[in-house]
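Structure first, then comments.
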């Protein structure tokens, strides 16, 4: 790592920056997600008829012509509500992980230390993602088997909590931590390395 001083950024600023980054991610990616879902769920054409959408660009064009730009962003509120806090907590955890390892605010951390800070971020992120992942998996299994037990996400959460308490909500989290914690460490270490490599000398 460079011996130059690092800019000191508080975990709280990381929290808000991460949240804003999550909003930007959804804003940039939601139109593609809308197109993907529409192509996947379009009705099967009758014999001799053409499908509603011939492909990605055709779907994009028809959505834009028929519904305007709003059509591409339909249903965006739900992913923003989910993704924004996830990214906020993710970057907050990374900022906190760095701060806990620094002996003074301007200390430059090594890459292994950045990896450790990233792993702490993975713990924070898993803590808020695991319940949603568990509920999503149970609903997907229910849809595949055709046996209806849960009326929806909220009903699923209530039934799990009633049957097994908070442990039921977080069932399987240990395996998720084993997957996501080192992955988060690698993600942030690589992020900091690339940022260091791509930032011109004198601006780090």
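In case you wondered, yes, glycine gets a Cβ from its N, Cα and C as well.
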Stated TrEMBL location of transmembrane segment, expressed as one of 39-61, 108-130: 108-130
For the transmembrane segment (108-130), sequence-distant contacts whose Cβ falls under 8 Å of one of its Cβ atoms, 6 or more beyond its ends: 1-6, 85-86, 89-94, 96-98, 100-102, 169-170, 172-173, 176-177, 180-189, 192-193
Secondary structure content, the repeat 'Solcar' (109-197) (per DSSP, counts of residues): 77 helix, 0 strand, 12 coil
Chain residues outside the transmembrane segment (12-32) and at least six past its termini with a C-beta under 8 angstroms from it: 60, 72-73, 75-76, 79-80, 83-92, 94-96
